[in-house]
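Colleague: Feature table excerpt (TrEMBL):
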- 67-120: coiled coil (COILED)
- 1-15: compositional bias 'Polar residues' (COMPBIAS)
- 24-35: compositional bias 'Polar residues' (COMPBIAS)
- 265-557: domain 'Aminoacyl-transfer RNA synthetases class-II family profile' (DOMAIN)
- 1-35: region 'Disordered' (REGION)
Amino acid sequence: MAETLQKPSVKSSETVYIDEVNGSDETSTGTQNAPYKTAVRALQVKGDNISILVRKTPEEGYKDISGTALKKAKKRVEELAKKAKKEDEKKKAEAEKVKLQREEEERKLEEAKKIVLKQDPNLPLAIKIKIRQSVASRGKRVKVSGWVHRLRTQGKDMKFIVLRDGSGYLQCLLTGELCHTYDALILSLESTVTIYGVISELPAGKTAPDNHELLADYWEVTHHAPGGDDAFTNKLNADADPSILYEQRHLVIRGETASAVLKARSAIMKAFRDHFDSKGFTEVNPPCMVQTQVEGGSTLFEMNYYGEKAYLTQTSQLYLETCLPSLGDVYCISESYRAEKSHTRRHLSEYSHLEAEMAFITFDDLLDTLEDLICDTIDRVLANETTRKLVYQLHPDFVPPQRPFLRMDYKDAIQYLKDHNIKKENGSFYEFGEDIPEFPERTMTDQINKPIFLCRFPAEIKAFYMKRCAEDNRVTESVDVLIPGVGEVVGGSMRISDMNELLAGYKREGINPTPYYWYTDQRKYGTTEHGGFGLGVERFLAWLLHRDNVKECCLYPRFMGRCLP
């Protein structure tokens, strides 16, 4: 009895189950209800002291693993263990290497802090310039401030900085000790710096903005932009989702393309103003807060104006008309607002609206004025070397439109759609009296591939103020200017000059004429034939600068769901 109790007990091995079809090495625990998929995994997790039962098909039961299979599994476990050990050793070596590199970098930074740059008092006094003045400043010692747009280190003793100040780009070269300072070693994109030196033309075969380079003799940092995870390049990249780009628009506009669009926009706006000035127009600034509608109530942004209902203006047209008796022909470039729930590439909730009104004109005069505005503005833009470069940088294949523009009546457009089998979604054709939506309109315009004056729309689908044609009372003296690739860019018409006809227009649209008394008075105190138009600046720019979306053509786009930043 005592001898029996003293015998050492043998612990029975654990039984582990393997199902080669339905088992899992990732989520199972090796029980019969949760079998592993392979014997290798069982040995890795449970060790050697186990009994392994294997099921090869769902139909057969569990059987002891064969000796050959067990031997192969153990050999594979050993191989994986050796591999894991090597990987672990490799990671430790890499970590040690990174540690040593970091220590070396920290040592260099500490050494770099000892280097203090000083200007050479024997050099000429530096002239402060903007980068746009750099060509004219070649050969002189200059001082230029800006943002680090691009940065490249070459060897130990050369650092190239492309500087940006909003007026242009300038390549600067730091050499020798200038590259070894603490500021040089931690310099990052979008840091602000001031660089002193002489600008020289580059030799043949070398390239840089304006084909020259500033060789620095001294420089200083105004502010270091962050590096690491918060570096500028981590905030934006070319493949970022559009919503991220709109969220980071304040950084996007620092890019070469976005800034080129904004510079071109400024020059084109000037060209518009120069055109109107040359024609004797007066610029006015109508209000943006109004209590009347013009283009339909469904697109109004309503607001509380000291307890009264008011709106953000859809157009300044009505106010421009009131200026004709006192100022003659007038125009404005103001923001207009349309609450259209649309996400198309040609819609904005807030857009720049170039509008003009003229007195004592005919419908043909209006069309001639529009054609002249578009062509003369483009001529002015391309006549300026700086702006011309911007346009062809953004749109290398741009071809100015040729006069005269094609003039097509609405009824002929309806026939064109039928002749070219352009149908509605339900398969039927568009008929006279129906509005032509964006898609068929653009399809027709792109097929014709030239600017079109689409004229004389039915009165029922146009605004209340548009004058009817004397020769066909069903249609109005109205026009949309259609541009290939963009669609409608301008809308215009002759305005109703007859008091009774205007009152009938109010009634047809269900508009209470009382708040419009000041507009109606234009037909009471010296009425005349007059007309005007509104041009969407962003759409015009999208065409001229070859932008896919009008949102690229303004500073901070506002559209449905976007009112930041």
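Keep in mind that glycine also has a Cβ here, set from the backbone N, Cα and C atoms.
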Colleague: What residues in the same chain, six or more past the boundaries of the compositional bias 'Polar residues' (24-35), come closer than 8 Å to it by Cβ-Cβ distance?
Modeller: 16-18, 41-42, 45-46, 55, 62
Colleague: Can you tell me the mean pLDDT for the coiled coil (67-120)?
Modeller: 90
Colleague: With helix taken as DSSP H, G or I, strand as E or B and everything else coil, how many residues of the compositional bias 'Polar residues' (24-35) land in each class?
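Modeller: Helix, strand and coil residues of the compositional bias 'Polar residues' (24-35) number 0 helix, 0 strand, 12 coil.
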